[in-house]
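Novice: Below: one structure in structure tokens.
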Amino acid sequence: MNQELLSVGSKRRRTGGSLRGNPSSSQADEEQMNRVLEEEQQQPRHQEEEHAARNGEVVGAEPRPGDQNDPQQGQLEENNNRFISVDEDSSGNQEEQEEDEEHAGEQDEEDEEEEEMDQESDDFDQSDDSSREDEHTHRNSVTNSNSIVDLPIHQRSSPFYTKTTKMKRKLDHGSEVRSFSLGKKPCKVSEYTSTTGLVPCSATPTTFGDLRAANGQGQQRRRITSVQPPTGLQEWLKMFQSWSGPEKLLALDELIDSCEPTQVKHMMQVIEPQFQRDFISLLPKELALYVLSFLEPKDLLQAAQTCRYWRILAEDNLLWREKCKEEGIDEPLHIKRRKVIKPGFIHSPWKSAYIRQHRIDTNWRRGELKSPKVLKGHDDHVITCLQFCGNRIVSGSDDNTLKVWSAVTGKCLRTLVGHTGGVWSSQMRDNIIISGSTDRTLKVWNAETGECIHTLYGHTSTVRCMHLHEKRVVSGSRDATLRVWDIETGQCLHVLMGHVAAVRCVQYDGRRVVSGAYDFMVKVWDPETETCLHTLQGHTNRVYSLQFDGIHVVSGSLDTSIRVWDVETGNCIHTLTGHQSLTSGMELKDNILVSGNADSTVKIWDIKTGQCLQTLQGPNKHQSAVTCLQFNKNFVITSSDDGTVKLWDLKTGEFIRNLVTLESGGSGGVVWRIRASNTKLVCAVGSRNGTEETKLLVLDFDVDMK
């Protein structure tokens, strides 16, 4: 029922469910309601006259003294209550109309805020069409069931239903039954305090009578007829209590089918208010927020449209901060609002951050692919390494240079010239760029000025790989050694020797160095003592790729296998098999490993269990070797020699779409490298046969939250 109330509140806001500002509609609805009330008032009178005639009584006779429980007197009192309720409702509507005229400007602001909330909710609805269809199907099944308590949604959101609901609740004199507004009016509760005066329930209600007693209405049975209880009623009730649950439901179905509409209406008037209590407003703020914390973000946005008090709770910044933590969203950006929020509504930066990230993810998944920025440079040479951080892109090439680009404008900011051989490896942090070359040197550059700060000499062959951690960089060379450098002073601090072939990959976490080489070995080093702690043996061919998270070492080899090692003991924990060729690239995050292979497949692994979770294949799989990959909590991005960049769903392994498709793909066009941020994708493309010009493509998936 509470879920239905949320849906009602949301629908009314979307359809302009308030009566304000539409006097013609309001007048017509009042006339219709008055006609219904007159019919209801005439029916008890006819019943009374017929009953009196059958018993030989005179209609309108004075009751006998002491006849305090006279049913006619109770009926007259109820009719009076009805007229009083109508008068109160009419006067209340008049006061509301006057208040609306005074606050028309404020209402416009509220409408704008509601439109914004509707847009936020729609964004989430669009992202989950299947779940929305399931909810619609479920709602229809509930509406079409034999239950008489729940009205269809369109009837609940009608102006006539809103008015009669108000009148109905005025007839229920229990002050503990909270009026739950279905329109735009604020809740009764505007402070974060629990409502006092509630009758505590000593035990969980087991019958509807217990529920009414818990709500303080145990003695408020409304009688709409003067007929005395029929004989045998108590026996029937005892028999009813002795039946099983399914038997009771069957009996109720038969009873409802045999009732007249007025009798069904009476049931609704008694039952419905008990299930329309705004339980959230009865709780302290902390408990209310705790309850709301179990809602999905899209449900929170719907809850915010129910009433003012729920919106205040659903806008809670700490609540949305927890939602952001669950999704790995960092500190929220200071997003400009289009207007000043009305006093009483606190804008939540964390909520804005969550919605922004959701819209960005939607852009990646199915947003329009706008024409990418094209960054041309390096002529027809190969782009051998690529770095992307913030709004700065750095590309290295076998033309002996590096280029620094703006990811925003697409302009080449500067070209770093100094190497005398091709650049084959690079790293970047803040304003520092480090490059390794076939000229056997490393160079440290200032990214802002393009100045070469240090040239690091020591290796006797090509610097093939490197890894930067804070102020130190570890380089691996074809001379079979590794060197640890201080990038501030340019000094070589340590030399690690032990491999007997070219070092192809290296990882460094500030405490341990892990290296893989063409000698089939993986080694774990203590750089401070320059000692090899473990030699990880097991591969039967060259080691081409490494990942290291401080606990596990993951190595990929030309022998087609991937091995998971314990860095402390040096033991092989798992051998991951399934690829058919060289594992060219890997990424490891939170025990999830994604590997790309020259056999054109990509696999997702759980390194704790050694299981392959997904294989990214099918009719849309790559048609050639996978060259590079990146992944986050939602997506996997892969590039290939077939000239495409593909987007996959990390959890399901399903293909989503192609992000880049080169016209020369399949005939020489290659995507060599990719680097992705939260909102941008940078691709290094070209060819070795002249069919595709060497360039960088920058795709933007950011959203405008202004």
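Heads up, the Cβ atoms here are built off N, Cα and C, so glycines get one too.
Here's the feature list from Swiss-Prot:
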type	residues	note
COMPBIAS	32-54	compositional bias 'Basic and acidic residues'
COMPBIAS	129-138	compositional bias 'Basic and acidic residues'
MOD_RES	Ser26	phosphoserine
MOD_RES	Thr204	phosphothreonine
MOD_RES	Ser226	phosphoserine
REGION	1-157	region 'Disordered'
REPEAT	377-417	repeat 'WD 1'
REPEAT	419-455	repeat 'WD 2'
REPEAT	458-497	repeat 'WD 3'
REPEAT	499-535	repeat 'WD 4'
REPEAT	538-577	repeat 'WD 5'
REPEAT	579-617	repeat 'WD 6'
REPEAT	621-658	repeat 'WD 7'
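Mind mapping these onto the model and telling me what they sit next to?
Specialist: Model confidence over the repeat 'WD 1' (377-417) is summarised by a mean pLDDT of 96.
If one looks beyond the repeat 'WD 3' (458-497) by at least 6 residues along the same chain, the residues whose Cβ comes under 8 Å of a Cβ in the stretch are 421, 424-429, 432, 434, 436-438, 440-442, 444, 503-510, 513, 515, 517, 519, 525, 527-528, 530, 532.
Nonlocal intrachain contacts for the repeat 'WD 4' (499-535), taken as residues 6+ away from its ends with a CB within less than 8 angstroms of a stretch CB, comprise 461, 464-470, 472-482, 484, 493, 541-548, 550, 553, 555, 557, 563, 565, 567, 569-570.
Counting same-chain residues at least six beyond the ends of the repeat 'WD 5' (538-577), those with a Cβ under 8 angstroms from any Cβ of the stretch are 501, 504-507, 509, 511-512, 514-518, 520-522, 524, 583-588, 591, 593, 595, 597, 603, 605, 607, 609-610, 612.
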Novice: Please indicate, using numbers and ranges, the residues of the same chain that are 6 or more beyond the repeat 'WD 7' (621-658) and have a C-beta under 8 Å from a C-beta there.
Specialist: 327-328, 361, 364-366, 581, 584-587, 589, 592, 594, 596-602, 604, 613-615, 664-666, 669-676, 678, 681, 683, 685, 692
